[in-house]
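A short write-up of the structure that comes next.
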């Protein structure tokens, strides 16, 4: 980039034909200051990324500008620019030659370490895989990738939305945008991590509302959003979501998200269960604690009914849809029969 900036500057100076001192011409001085500022910022950025204070190492591309400051002829500027590019190429070549055998030495050291190990236990390899997974931040990387993809797709759909698409409803519009972002395995994997993070946030919010900050610290492996993400991924792969057309993918994805949300509500019931039972057993008379428990129970009682109503409006009722709706209604019945009498 630095050499490209210098090349464009030299080309512009040759075309304009001014060979005097740059400080004697305001336009030439402005061009010089603009190019020099860009080069200084670029060199400083390179030094920062390489974690070194030797900024002069990344300043070879400034030679044409320094030559122009010394009132060198335009024909000389082209030669200086070519010379600076040659210096950079020579530096890169020397660096590569000096570190040519580094991968070989690393591989040899790793092989010698493996030879000293008598038994490579499975949990060590698993720990290594988890460590690399956490260091590379794979879930966060895929989640950010999917969010950016969805934002671009949503903006594109909003710009090209017609009156008929708006009439179909905002929920169908958002589901269509989500389905368009699930056409590749990478985007589907990104949606899996996004759903997992959303489920984790919803479950932590439920814990915080019922038990405060201390309840969030008590982590349960089954309440980390992993179940919801894995459920979405397995259902998508089993039903062939990637191979479907856009409209079919939208309807199927809505059913899969319905199942995932039902699973999340079931996890919320598992979180609410011990807290409600503890309130009933301890005879706690705190109105605020009873209000939080009662409001959460009412939410778990009403929201599954609302979900069942919406999906029945969205699809034609058949046997399989009846099974999905009944499984969702069981959540409300479980809350109605088990928790409200305790409160």
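Note: Cβ is positioned from N, Cα and C throughout, glycine not excepted.
Caution: TrEMBL annotation is automatic and unverified by curators.
Between the stretches 32-50, 51-69, TrEMBL puts its transmembrane segment entry on 32-50. As stated in TrEMBL, the feature transmembrane segment covers range 86-104 out of the listed 86-104, 105-123. Range annotated as transmembrane segment by TrEMBL, chosen from 232-250, 251-269: 251-269.
Beyond the transmembrane segment (125-152), the same-chain residues lying 6 or more positions past its ends with a Cβ under 8 Å from any Cβ of the stretch are 177-178, 181, 186-187, 189-194, 196-197. Sequence-distant contacts of the transmembrane segment (289-307) (same chain, six or more residues past either end, CB-CB distance under 8 Å): 206, 209-210, 258, 261-262, 265, 268-269, 272, 275-276, 279, 328-329, 331-332, 335-336, 339-340, 343. Nonlocal intrachain contacts for the transmembrane segment (188-210), taken as residues 6+ away from its ends with a CB within less than 8 angstroms of a stretch CB, comprise 139-140, 142-143, 145-147, 149, 178, 181-182, 216, 218, 223-230, 232-233, 236, 241-242, 257, 260, 264, 267-268, 271-272, 275, 292-293, 296.
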